[in-house]
Amino acid sequence: MTDYLSSLNEPQRQAVMHGEGPLMIIAGAGSGKTRVLTFRIAHLIENGVDPFRILSLTFTNKAAAEMRHRIETSVGYEARNIWMGTFHSVFAKILRIEAKYLGYTSNFSIYDTDDSKSLLRSIIKEFNLDDKVYKANAVFNRISGAKNRLVSADDYLNNSIIQADDKAARMPEIGRLYKAYTVRCFQANAMDFDDLLFNTNVLFRDFPEVLYKYQHKFHYVMVDEFQDTNVSQYLITRKLSAVHQNICVVGDDAQSIYAFRGANIENILNFEKDFPAVRTIKLEQNYRSTQNIVNTANSVIARNKAQLRKEVFTENEEGTLIDVIKANSDNEEGRLVVTSIFEEKMQGSLRNNDFAILYRTNAQSRSFEEALRRLGIKYRIVGGLSFYQRKEIKDLLAYLRFIVNQQDEEAFKRIINLPKRGIGDTTVAKITVSAAENSVPIWDVVSNIHQYVSGRATVPIDKFAYLIKSFMLMIDQGKDAFEVATHVAKTSGILRELYEDKTVEGLSRYENVQELLNAIKEFVDNPENEDKTLGTFLQSVALLTNADEPDDDGDNDRVTLMTIHSAKGLEFKNVYVVGMEEDLFPSQMMLESRQDLEEERRLFYVAITRAEQKLTFSYAESRYQWGRLKMCEPSRFLLEVDQRFLNTTKATREMATRETQPAPMGFLKNITQKTAPSRAPVATHQPSEGFAPSDTSGLTEGQKVEHPKFGFGVVSKMDINGTDRKATVKFDAVGEKTLLLSFAKLRIVE
DNA sequence: GCAGAAGCGCTTTTT
DNA sequence: GCGCTTCTGC
């Protein structure tokens, strides 16, 4: 069993073998971090540690699932018993068990961001504040930020600095909104995402006996992606491991990309203060990427001042240069990238799975989707509108939530008139007012409507209450989640309404609801889930996001499209980092509101280090945004890369022919002037020899050419439209091919 | 109370 | 460009 140790390098082995006491692993990108963590847990279990006593915290569901899978393969069934999951899911579980300490019941609802904002909108309206000034989004972010720093509503109101800040931002009432929001969540027996962490801190602070219980339950605590934990998360783990001191954190400061959410690099520094006995191990050898990729990444991150010194290196092969693709529009960018994928795929006999397209914002996916569809390449989009955020799904889930927790105000607002049953805003307002006047929960009013309200709306309300009660009865009778959910979907009229909608969207919505029911069925049928009640299902689903959604068919060989944030922890043979434009990446908002160029740069670093074999950057010179055409400049990040690692022949095509502009990276010249002072000098670069782009200037039909990959051929068609040039070439070896930018590689033979 | 029309604001990134 | 909210007329 110890033979796996031989496959590790020295620092890796030390990290795995480390026994008792605090341990910090600084793991560079691609340094085998997950392997080390997995082996370490396996090693503990092998040495007699009860899996029940191990708590392993990750940041995303994906990472948790991956870890569980890997440990199961090396440890076997025992791995089941490890407490493993995201911060949010693990502490939601604990909060359910200990809910009564905080005045909650164990079936509390979890408000997602939409619920939170909707509640805030209501409160803002009730306070008679201008919703143009108090935007739900901004208020929510402010409150969220406070919670992540463990600032309660009362702390917030009493803190003169915060109050001054809010006054300066012309939003002095945020403190009161925060307070009202907290009260309303509590009345609704609901917690938002931040509450799951905030309330765990409160629980452990105010009830030492509860803290004691968990401190002694968990002998070993592991934290993955430590650089992304915020103060609230860090304090929980610190408290939990205070007794046994067996805390192991793994992180990489160079990959800290969640400061916007309150993640704090200083946690790494604090860790050494809080656990003076800490042993620090650095994993610096990269096993993932080629030298060119590693060096590119290093050359980028070296510009950051805030970083722990670390020497990431690799013994892998040198690899190819990093291609730079320049397109004149977002649509062309999509076409060029996808064409390149197509060519790479053919030429290197790769699978769709080997490719990822990474972008800064979800909205950028469109042009790539279109191009992929056109070429018939299967793809998968991670993130964006997740399955569980679709209207029809949220509608059915709202029913289920309300049946489990009748205090859930947001769920109530969603379903009271859905499908239409003649209960409009006026009636809902009456109910709310009446509930407030009599200081009883809304459900009391609804279920005994005749005692509180009279009028013609009482009839549909009575019917609604009767409907809900019949659902609640099913739960009391011990029906499982699937039985209740199917019954609700049918009886409530949701399914019927969608079924009658014969439009394409209607059909797809109907299918989505069926899909949700399937997921519930799977949940119920899964022997690992002992508790098959609706409440437990809802709990598991509330914290699920884009990560593990049911795949629409069995074909998993797809090109992956996602934001760089979601790509963290993943790796692909070929990676395209697209939309390399100033204001987009680095994001304008980031620079305007937080002045944090370094976090954007770390994000760039993360993107680069996802690639194993080949990396490509692309950017467009113009892009549609809100239906308007916007001119774009290449990102400053393209200049920051050590230019020796770039292959700019694709991009420099036009520039190279313009002899007047020889050296400094002609293709980026417009931005060098605009923001030059803040930047490092630009490296000079000579176009690569052999297939110099200038050779294509005189390309005409009938010419014999040579392509570096496809060999000899004859130009059968030239299509020149401004700067957008297309050449169709009939190659001796591979037949006819349409070359877009890559025809710059053609060499004229005669 | 409801349906269709018009208007507005929005885009970082995730649990 | 889209989705959500508000407006308007019935």
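Backbone N, Cα and C define each Cβ position, glycine as well.
Remember, it's a predicted structure, so these values are computed and weren't measured experimentally.
Annotated domain 'UvrD-like helicase ATP-binding' per TrEMBL: A:6-290, in sequence order.
Other C-beta atoms found within 10 angstroms of the C-beta of A:G28 (ATP binding site) number 25, with every protein chain shown included. For A:A27, A:G28, A:A29, A:G30, A:S31, A:G32, A:K33, A:T34, the entry in TrEMBL reads ATP binding site.
Per TrEMBL, domain 'UvrD-like helicase C-terminal' is recorded for A:291-569.
Residues or ranges marked as region 'Disordered' by TrEMBL: A:676-702.
In three-state terms derived from DSSP, A:A27 (ATP binding site) belongs to an extended strand segment. In sequence order, A:V36, A:D252, A:L283, A:N286, A:Y287, A:R288 are the same-chain residues whose CB sits within 8 A of the CB centroid of A:A27, A:G28, A:A29, A:G30, A:S31, A:G32, A:K33, A:T34, the residues recorded for ATP being left out. Fewest Cβ neighbours within 10 Å among the binding-site residues A:A27, A:A29: this applies to A:A29. Long-range Cβ neighbours of A:K33 (ATP binding site) (same chain, at least 6 residues apart, Cβ-Cβ under 8 Å): A:I25, A:A27, A:D224, A:V250, A:D252, A:L283. Around the Cβ of A:G32 (ATP binding site), 22 further Cβ atoms fall within 10 Å across all displayed protein chains. Mapped onto three states, the DSSP output places A:G32 (ATP binding site) in coil. Sorted by the number of other CB atoms within 10 A, the binding-site residues A:G30, A:S31, A:T34 start with A:T34, the lowest.
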